[in-house]
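Encoded as structure tokens, the structure appears first; notes follow it.
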Amino acid sequence: MAKIAHALDWPLVEGVVSDLDGVVYRGKAAIQDAVETFQDWRAAGIPYCFVTNNSTHSAGDVVAKLNSFGLEITEDNVVTSAVTAAQLIRQSHPAGTRIYVIGAPSLKKAIADAELEITDENPAVVIMGLDREITHEKLRIAVDAVLKGAQLMGTNPDLLLPTPTGFEPGAGAILTAVATAARVKPIIVGKPEVHMIEAALSRLGTDRASTLMIGDQIPTDIQAGKRAGLCSVLVTTGVPPVNDPTLQAPDFVISSLKQIPSAR
Ligand SMILES: [Mg+2]
């Protein structure tokens, strides 16, 4: 497991990439220490960017939520899996490429904004995010398209999402159904893959060694941070950590963002 955080072990923090749910808020409630720490970083001129696997909220939704907590940010401070998925598709496909989308309106908008055509007829790519109106018919169209050669892509691999009363299946659970039926390995956009971290780093313009990746989940946030070469910090304000020895451990484990020394 990670070493005990000691002030001298920390890099001089020049930039921050951070998860949202479980780090800055839990559901609708702000995590006050985190909000104040980001306010301090802003005042100190330390740039930061939030990365979220959740494809059901747009960057604008995130801005509105954080602004309501008193944290002044703009859409430049937010990288979503939906927008990253659209950018990733455009890296290898021209405008007008046919895409079948299973997901929330924010995912459909991101795909349409990238000049891709949303259709269930002969798509080149099937992209799947969390869809609370999933049906057998949508799964049938996806499986059939993948069997006919379409690429299968998922916004994120999250299997479970916490709800006020328990859990619900995440995007990864439904993605797995299609991948299993069609016997393919999907391309994953969100954490633990590095696509969103790379997008955030290119916005920050900071050095990897002096940029933190902060998150509450080892399987997604910490793996993505470690793979991208960032100093990876687990904060225990969100989902209870799972101790899986096959996964890379965080560099630091803290219970409040205020434990991060931001200057020497
Ligand atoms: Mg989280």
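Glycine too: its Cβ is placed from the backbone N, Cα and C atoms.
Cross-referencing Asp158, Asp207, Asp216 with the Mg(2+) binding residues that TrEMBL gives (Asp19, Asp21) picks out Asp216. Cα separation, Lys191 (substrate binding site) to Asp19 (active site, nucleophile), rounded: 10 Å.
Cβ packing within 10 Å was compared across the recorded positions Asp19, Asp21, Asp216, and the lowest neighbour count falls to Asp21. Within 8 Å of the centroid defined by the CB atoms of Asp19, Asp21, Asp216, the record's Mg(2+) site, lie the Cβ atoms of Leu20, Gly22, Val23, Val24, Gly215, Gln217, Asp221, Gly238, Val239, excluding the listed residues themselves. Rounded to a whole number, the C-alpha distance linking Asp216 (Mg(2+) binding site) with Asp19 (active site, nucleophile) is 8 angstrom.
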